[in-house]
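Listed in TrEMBL:
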DOMAIN    119-269  domain 'Alpha/beta hydrolase fold-3'
ACT_SITE  Ser201  active site
DOMAIN    328-389  domain 'Alpha/beta hydrolase fold-3'
ACT_SITE  Asp358  active site
ACT_SITE  His388  active site
Amino acid sequence: MRLMPIVVTVVFTVALAYYIYTPLPDAIQEQWKLMILDASFRTAMHLASLKHWLGIDHYITSIRGSMAVFEGTIKGFGSSESDSVVIPGVKVSDIDFVGIPVRLYEPPAGGEGHLRRGLMYFHGGGWALGSGKKGSYDANSRIVSDELNTVVVSVEYRLYPEVHFPVPYLDCLAAAKHFLSPEVLAKYAIDPERVAVAGDSAGGNLAAAVAQAISLDDSMSVKFSVQALIYPVLQALDFSTPSYIQNQHMPILPRTLMVRFWLQYLGADLSLLPQLMVNNHSASHHSAITPELRSRADWTTLLAQKYKKNHRPVVAEKGSNEALKVPGLLDVRASPLLAGPEVLAKCPRAYVITCEYDVLRDDGLMYARRLQDAGVTVTNDHIEDSFHGGFSLTVWPMEFDVGKRMFRGYLNWLQNNL
């Protein structure tokens, strides 16, 4: 009988290790830390799905609750996001821009007699999770404001399930137009020639779409000078690009989760997920998807051979009627990669971070190529040893060396180009 506790302990330890362990590419560093982070996220997802199935709560709301508990636990150990980056002098204010909540960061240098940079940031989270006021988003905004003497505006756009497309985009566009107004720029002593828009993941999608809209708006006397897109999601036509296939089981953002995020954002039926996984929503006989439109997201011509490898395109001959009717599928406000070359030609200079081990790698690579083809100056910072979400992993306890390196590259580019 004395052996029983030992046996139970061994079995539990083995089971826990099996649950946590995920095979990862050799190039990725700090692998066990990433596995533990991924296992924590998967656990939160499983519990949220169970509560949703039982009718207790919406699964996204449950995930937000789990994240809040985690943040509260970290604070209990005496290290919150505000404790982790203490920058005296950076003024932080929670205000509204035309009814849209934003967090404003003003640098300690002030604007007396000197104009400052401006930057608007849209956080990631699959258009459903996240907040610019928490964790690394808050910490990084403080650092950008301080080191680059920049007025940073982090936008709290509305999220799924409360809303879906185009509401998050419209929130961000309204906040951007307000920020770029001469009156607001003058109020915060911002140089109108040095204003950037940036975002990561779903926030990168919003930043690209907003940059396009502002570039085309002749009523705007001030436009963004540069755009910084961190592993942006840019198209929903093809979920079988080489990076979607290569990285379909990678931690943080597996292929199925990204497709689900898209269905949620577009307000589509979640039961269509299996159809989208095999590209039945963009079948070759889809009358609205012209050859010209399809070519704008054609990885066979837009990617370098080292990314294409031996992958083959997946184009369904005949998709299901339901999948073909996904709302917003071809709307460039949702899929900026589908914009025409005449639109891209007017866009600001771009910094695009892509990660080798990310399902969204090819979205960013294709957009960088198309912007370049349209005559836009582009810096594509491809991180060979990184994964989706790495840019946000800069704050204890989930602080990764690759995350700090990516953030420093972003800072350096803004320093030299904004």
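Using N, Cα and C of the backbone, Cβ positions are placed for all residues, glycine too.
Across the structure, His388 (active site) and Asp358 (active site) are spaced 5 Å apart at their Cα atoms. Helix first, then strand, then coil: DSSP counts for the domain 'Alpha/beta hydrolase fold-3' (328-389) stand at 20 helix, 19 strand, 23 coil.
For the pair Asp358 (active site) and Ser201 (active site), the Cα-Cα distance reads 11 Å. Confidence over the domain 'Alpha/beta hydrolase fold-3' (119-269), given as mean pLDDT on the 0 to 100 scale, stands at 97. Summarising the environment of His388 (active site), the number of other Cβ atoms within 10 Å of its Cβ, over all protein chains shown, is 27. Counted within 10 Å of its Cβ, the other Cβ atoms near Asp358 (active site) come to 27, all protein chains included.
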